[in-house]
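Taken straight from TrEMBL:
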COMPBIAS  23-41  compositional bias 'Polar residues'
DOMAIN    61-419  domain 'FAD dependent oxidoreductase'
DOMAIN    422-477  domain 'FAD dependent oxidoreductase central'
DOMAIN    481-620  domain 'GCVT N-terminal'
REGION    1-55  region 'Disordered'
Amino acid sequence: MSHTSRAWRAAAHLPAPWRSPRPFSSASGPTTKKSVPYQKTLQEEGAGSEPSRAPPASAQVVVVGGGSLGCQTTYHLAKMGLGGVVLLERDRLTSGTTWHTAGLLWQLRPSDVEVELLAHTRDVVSRDLPAETGLHTGWVENGGLFIASNKQRLDEYKRLMSLGKVYGVESHVLTPSQTKDLYPLMNVDDLYGTLYVPKDGTMDPAGTCSTLARAATARGATIIENCPVTGIQVRTDDFGVKRVHAVETAHGTIQTPCVVNCAGVWARALGRLAGVHVPLVGMHHAYVVTERIEGIQNMPNVRDHDASVYLRLQGDALSVGGYESNPIFWEEISEKFAFGLFDLDWDVFTQHIEGAVNRVPVLEKTGIKSTVCGPESFTADHKPLMGEAPEVRGFFLGCGFNSAGMMLGGGCGRELAHWIIHGRPEKDMYGYDIRRRFHHSLTDNNRWIRERSHESYAKNYSVVFPHDEPLAGRNVRKDPLHEELLRQGCVFQERHGWERPGWFNPGGAAPVLDYDYYGAYGHQRHRDYTYNRLLGDEYTFDFPPHHDVIKKECLTCRNALALFDMSYFGKFYLVGPEATKAADWLFSADVSKAPGSTVYTCMLNRQGGVESDLTVSRISPGAPGSPLAPAFEG
């Protein structure tokens, strides 16, 4: 036992992390190897440096990274009938981040698409893989319990339950007394209620990935371990478009038109080999495993969002982890890191202990068997990076899963495989698509990536309100009217890096200040921060307090005159003798109107789905030298 029960009590009285300034980041590599709460990993002590098999001369698709996403993508590519699929893993399958993940699967999320993705992952690990291989993936269906300590949180859970009904996800809102009956060891004195999902559960990383590998190779895929990628050849075609040509490894070159970057924390380095920006950061992410707890057997996994802590059932013990306000950045990412772990920083982890002991008081008298602190990759909006990179054709991303790669792996692996084969995913993956979320000025902006990734991490368990805005990574792209609008009391919103007008505060200016990291890393928190206060007033599922202000703005627009700042919108000009013909083909509405007319319409894809809604304005050519003539970018 690495820590005794005294560790819980002692750590609970340590200074809170935000009162104890500590280094902003860590450049250290793994310091120790500790046990993780699984019967096995796929690590093989003394494994040689030779590849498990020789790389082929060519392939249709090369997947790089043998973690959850790499294995799921390879499996789904093979299952969809694509031949010539090769997975390259620089060490052993699951090395890096997947092997030590907690493996939780919660079926309900605020997004309908994510509910579908999670449902497919659950089907793969609990039904498809056992049927195809005859092997058990390690799936344990012990249920999940979301804790509501206030009315707003319970309202959020009721919305999740309603969304779940549409997709056939069984869930129940429980009273505190019903929760106590379900989980006798839980303190329910401060609860408003809970959301119980009986068919949530826990995945085993080694069992899942080894079974995926078995199923993929049975369908013709090739999996090569101990085969690090050293380079990616990119060539420019006759039209000036950069395309993937080959993958270079330490043991040979594979010619291929398609590379899938599933390298996790190492995805940014792999992207640089092809000239692709991958906007993610590496951070330490930790949990601890307790000694045996009498009466904990068969209890559901618990997420206490307001305490920012989760409790994962581990046989007759618990794994305890969460998301803190001051995570440690991993600056110098080691290429040789495989199955090592970091020493746990108790100053950072303390807040999770306090929350866990409050929720399950028996933990205060329970010993800690092991600590697990490893690297994970995190992104600016806490969503994965997927799709074809805008810089290079044939270079796909499947990375940046924010510690959710196991539970999103099945759904995202299937969508990514469909994307590669058919040119687009089946589902609306706009929120994950690297081409549509971030402007190129942001994906290579380290300050923006770091600030936004930190805020997204720290707010991961926060209630998702409809009118929230980030405080990090602001004032990156401003238009010429910004200062004047600010003086007039404009409350700005952020879209693709742009500061766009939201509404006007009658109380005066509300500027967005430099990011203070919520007081972490020795930063002084802003005081009397008007913009932050106005955002806090909007944290509601009802109409926000400024609803009447917006009503007056809308009536003014209808009855008088309004000027709209469209700087943050993308603009495309159709010019030339066949511009009208092109417009008729592109847009679903009739846009052949007189000059000065504007039509609201859609752009559709081949399946008849909506790719974009937009306005089309018919304008006269005008003089080329006029200051009103359009300026082109890109």
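Cβ atoms here come from the backbone N, Cα and C positions, even for glycine.
Whatever TrEMBL says is automated annotation, not expert-curated.
From a predicted model like this one, the values you see are computed outputs, not experimental measurements.
Model confidence over the domain 'FAD dependent oxidoreductase central' (422-477) is summarised by a mean pLDDT of 93. Residues of the domain 'GCVT N-terminal' (481-620) grouped by DSSP class, helix first, strand second and coil last, total 41 helix, 29 strand, 70 coil.
Note: the domain 'FAD dependent oxidoreductase central' (422-477) comprises 25 helix, 2 strand, 29 coil (DSSP; helix = H, G, I, strand = E, B).
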